[in-house]
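*Asks:* I have a structure I would like to understand better, so I am pasting it below and will then ask my questions one at a time.
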Amino acid sequence: MSSQDIPEENLPAEQDRPHGAAARPADETNPFADPGLPPHEPRVQDVDERAAKRSERTVALLFTLSMLATIAFIAAFVAIDVDKSVYIFPLGHISALNFALGMTLGVALFAIGAGAVHWARTLMSDEEVADERHPIEASPEVRAKVHADFKQGAKESVIGRRKLIRNTMLGALTLVPLSGVVLLRDLGPLPGTKLRHTLWSKGKLLVNMNTNEPLRPSDVAVGSLTFAMPEGLEEHDEDFQNEIAKAALMIIRLEPDSIKDKRELEWSHEGIVAYSKICTHVGCPISLYEQQTHHALCPCHQSTFDLADGARVIFGPAGHALPQLRIGVNDEGYLEALGDFEEPVGPAYWERG
């Protein structure tokens, strides 16, 4: 656009200036005339009450859809099994519960947003206003203006007159948080005493984790390290990982004279001792053993336990000794547990004390 195309009243005013001086507009803060706001054009909802009613019903329908989607979210959470899968093209086989929760919660939130946008675009006041910049300091006049603007906004939103919109909006906003409340159920149930007990009980055979065969005393050589689990626990079992995380054992054979802890000696069989394989720091499986020092080392954070002295902690961040399992030999000559651990295995937790 050339200067000939600009209306004369919008051009900067001419001003006398010495030769070579920089050109400066007549008004540095506003070099062009303010064209002002265009005239307001009423919408169809502003002049036709029937159109306004249709918009009101549309907004209410969206808010109602949000409420129904929230109810569907809760129903899906309760009714759909966590292991159920469903084929969705092109996603393939996915969790039916996750798909249902995601879709219903997405619809619930989208419907609230869409309803609010449609309400603002069709029923709220759409007149443009200009507000001059003002100091940041909130003077009494400014605070009074804020209150007045709030009242004016409430009036222009027609929320007092459009009770159907108000009620359905409040209903949708009230129900949506229930989705998060329902999800709190996944924080429970409380573990109760599950962390205090394992699969070990009196008479349970010690099974070699590598060969899946019951252990005899002759299978454990002096200075060797053997990993064991309770009989009857199979890798394909649904709860295998949860159970082995508590019941895994380290079987070590020491010279009885080298055992320093009296209880450790009493709970052993001919120098064979059984300790929990789970580190008491953060639950890593212990797998390193020093034959000469009888020290077991956790590879995660280097917690070190003296297996000849009650598996006490001699180095590292672990908080307490490894629990020992009392063992013996049954009539058939196999190593067996004489009960469960006397204390919870693994890391400490609040209820452990």
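Glycine too: its Cβ is placed from the backbone N, Cα and C atoms.
Not my notes, these are from Swiss-Prot:
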- 40-51: compositional bias 'Basic and acidic residues' (COMPBIAS)
- 60-80: transmembrane segment (TRANSMEM)
- 99-119: transmembrane segment (TRANSMEM)
- 164-184: transmembrane segment (TRANSMEM)
- 246-336: domain 'Rieske' (DOMAIN)
- Cys284-Cys300: disulfide bond (DISULFID)
*Asks:* Can you tell me how the residues of the compositional bias 'Basic and acidic residues' (40-51) break down into helix, strand and coil by DSSP?
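*Replies:* Result for the compositional bias 'Basic and acidic residues' (40-51), in helix, strand, coil order: 7 helix, 0 strand, 5 coil.
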*Asks:* Tell me the residue counts in helix, strand and coil for the domain 'Rieske' (246-336), as DSSP assigns them.
*Replies:* 10 helix, 33 strand, 48 coil
*Asks:* Counting all other Cβ atoms within 10 Å across every protein chain shown, which of the disulfide-bonded residues Cys284, Cys300 scores highest?
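*Replies:* Result for the most crowded candidate: Cys284.
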*Asks:* Across the domain 'Rieske' (246-336), what does the mean pLDDT come to, as a whole number?
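*Replies:* Overall, the domain 'Rieske' (246-336) comes to a mean pLDDT of 93.
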